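What follows is a set of notes on a single structure, which appears directly below.
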Amino acid sequence: MGSKSYPTVSDEYLAAVGKAKRKLRGLIAEKNCAPLMLRLAWHSAGTFDVSSRTGGPFGTMKNPGEQSHAANAGLDIAVRLLDPIKDQLPILSYADFYQLAGVVAVEVTGGPEVPFHPGRQDKPEPPPEGRLPDATQGSDHLRQVFSAQMGLSDKDIVALSGGHTLGRCHKERSGFEGAWTSNPLIFDNSYFTELVSGEKEGLLQLPSDKALMADPAFRPLVEKYAADEDAFFADYAEAHLKLSELGFAEE
């Protein structure tokens with residue numbers, strides 16, 4: 001990854017970011033929607049394609065066309081929940097706002113503090129469908145999407161997978177049902193402790209989760225994060241930051 005050169009934003013813009021943060025904390029507490037907000041931020045950013053420099057965290061998820069992509073089922077709910085806050089803060093880009101929602105979602109559920117740099121500009125065109133990871137696939141597919149397409153590392157893949165500590169799968173959205181951990185509203189390393197301890201009645205393991213244990217490069221990272229939550233939090237914050245800034249502020 002090249003070094004970053006962040007744009008300068010006005011004091012008024014920074015004040016709007018602060019206000020958005022407070023309002024997002026309130027919304028997420030009231031609606032228990034941290035998992036949904038993290039998914040919105042991830043799915044917005046995870047469309048980035050290194051070779052064509054298209055897609056990425058640039059606010060296109062507000063477009064109903066992108067919300068209708070199969071991988072984004074249910075994200076129309078996130079957009080709708082966020083609209084009343086966004087309406088109060090017209091100066092903010094959707095791009096910054098959706099990524100800020102993901103950062104706040106991790107913070108308020110007890111996860112690490114992910115740095116946030118404002119200044120993303122909204123792009124008009126949504127990316128083509130089919131760039132997000134498919135949960136039914138294995139490690140080759142994960143590397144194709146995260147490494148070849150997005151430019152992230154093996155460590156980023158495993159750390160970001162740990163974000164599944166939040167939330168659950170819904171049959172009507174993904175075809176899968178259930179939560180990964182026994183407390184889906186707390187951000188901790190239990191995704192990894194569950195993976196290492198094997199399958200349990202009532203908890204979900206997707207094919208893409210099992211792939212982490214089967215892969216010789218991924219598995220040591222899973223075991224490290226299961227044993228050391230601080231190491232997971234440090235690597236997660238770095239990976240989330242990278243994901244949230246794909247295609248943004250690059251030299």
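Note: Cβ is positioned from N, Cα and C throughout, glycine not excepted.
Annotated site 'Transition state stabilizer' per Swiss-Prot: Arg39, in sequence order, evidence recorded as sequence analysis. Under the heading active site, proton acceptor, Swiss-Prot lists His43. Positions annotated as region 'Disordered' by Swiss-Prot: 113-137. The compositional bias 'Basic and acidic residues' annotation in Swiss-Prot covers 119-132. Marked as heme b binding site by Swiss-Prot on the basis of sequence analysis: His164. Look at Swiss-Prot and you will find Thr165, Thr181, Asn183, Ile186, Asp188 tagged as K(+) binding site, backed by similarity to another entry.
Cβ neighbour count within 10 Å across all protein chains ranks Thr165 highest among the binding-site residues Thr165, Thr181, Asn183.
Cα of Asn183 (K(+) binding site) to Cα of His43 (active site, proton acceptor): a distance of 22 Å. According to DSSP, the region 'Disordered' (113-137) comprises 0 helix, 0 strand, 25 coil. Spatially, by CA atoms, the recorded positions Arg39, His43, His164 include one closest to Asp188 (K(+) binding site), and that is His164.
Note on proximity: of the binding-site residues His164, Thr165, Thr181, Ile186, the one nearest Arg39 (site 'Transition state stabilizer') is His164, by Cα distance. Taking the C-alpha positions, the distance from Ile186 (K(+) binding site) to His164 (heme b binding site) comes to 10 Å. Looking only at the recorded positions Arg39, His43, His164, the densest Cβ neighbourhood within 10 Å occurs at His164. Of the chain residues outside the K(+) site list Thr165, Thr181, Asn183, Ile186, Asp188, Thr109, Leu166, Ser182, Pro184, Leu185, Phe187, Ser190, Tyr191 have their Cβ within 8 Å of the site's Cβ mean position.
Cβ packing within 10 Å was compared across the binding-site residues Ile186, Asp188, and the lowest neighbour count falls to Ile186.
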